[in-house]
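TrEMBL annotations:
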- 1-361: domain 'Major facilitator superfamily (MFS) profile' (DOMAIN)
- 20-43: transmembrane segment (TRANSMEM)
- 55-75: transmembrane segment (TRANSMEM)
- 81-102: transmembrane segment (TRANSMEM)
- 114-133: transmembrane segment (TRANSMEM)
- 145-164: transmembrane segment (TRANSMEM)
- 229-249: transmembrane segment (TRANSMEM)
- 269-288: transmembrane segment (TRANSMEM)
Amino acid sequence: MNNNTLANHFGIEPTDASISFLTSMVTVSLTIGTGVSLFCLFPIAETRGRKFATVYCRISLLFIAAVCQILSFFFRASEFFLLAQFIIGMEHPLRTFITIFYVTECSPDKNRGFASTVLIFSTVIGRMILYSLGSPSFFGSESSWFVFPVFVAISCIVMLLVTVKLPESPKWLVYQNRIEEARTSIQYYHGSNCSIEEIIRSFTKEKNLTIEATISFRQAMGDETLREAIGILLSLTLFFILDSTSTQAVYTVSLHKDAGFTVQETMNISLILTIIFFPTKFIGTYIMDALGRRPVMFLADVAVECLTGSIPATGVTSLHVLFISELFPPSARTSVAQVSSYGDYAQIFSSTGHDYHSNDN
């Protein structure tokens, strides 16, 4: 598809550089779409409601993206595929934030942590199916990958039919002073045995924490309590930014191929890892409510530190020396080693500076 687009649509001879550029545009399109969504679609959740953004907007975007991917297959046009990635980027904030807002606002307090983490199961199960059926020996070939966007398009129609009857978030309804609709929504999500009036009073108290219906980020930073909450949120955001999940999602096949694996072996490795770590997803649904939010964040940090400390046990720290001695001729080893050492020393100095700074604090 990329070769056909470059050669026939733009008159450019396909090269490794041009193909790599199109591959990087997949991530760029996602990023641009996400940025557009944050400023254009994200506010809809406040003005039109959580259900409108989650059900109608998100499902519509997914359906349009699937159609664009189908068109990219039949017309062998990367333009349609990049457009689909842009639309998926627009859907991403609705999936990662607004959908979880909708689910957690509809859930009882005792089940809110479980309701938010149980959404991970759909992603894991989807990956297991993708890694199984997405290998070149099944539907991951050049002539049959269109099966996946077709499945997504059909799934969107089914999801719309199932979710269109769901009530709006009771919290959002209370914020909009639509109390009677909120009572009906609470009874649907919390059950008939709950104390509807007590829940409404709780939502009303939460609404009255601020005078304004909507406050800006600057106003939130001006409040001491909200500023502390923002600090916790930013630290968690930094944790996810430094995580390599996004890079692996886009470049996992390319990185494994560079390491000598075939596409089939790469898909098999991903499938095996997904199956191995699938049982661990159940842990989060329990400890989120049993231990609390901050202990979960602490455990995640400890896990990362333990895994980071175990990396040298594999011997990977000496690989750069072995690569230099085995991949380069003697005449080039010194210069390559100098460049490689600059990075090592920069990392050491950075770590030392961090230690000094920590000691001063």
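Glycine too: its Cβ is placed from the backbone N, Cα and C atoms.
By the Cβ criterion (distance under 8 Å, sequence gap of 6 or more), the transmembrane segment (55-75) is not counted as touching the transmembrane segment (114-133), fewer than 3 such pairs being found. Between the transmembrane segment (20-43) and the stretches 81-102, 114-133, 145-164, Cβ pairs under 8 Å are most numerous for 81-102. Residues 1, 22, 25-26, 29-38, 41-42, 45, 50-51, 53-54, 57-58, 61-62, 64-66, 68-69, 72, 116, 119, 149, 169 of the same chain lie 6 or more positions beyond the ends of the transmembrane segment (81-102) yet place their CB under 8 Å from a CB of it. If you take every residue in the domain 'Major facilitator superfamily (MFS) profile' (1-361) and average the pLDDT, you get 78.
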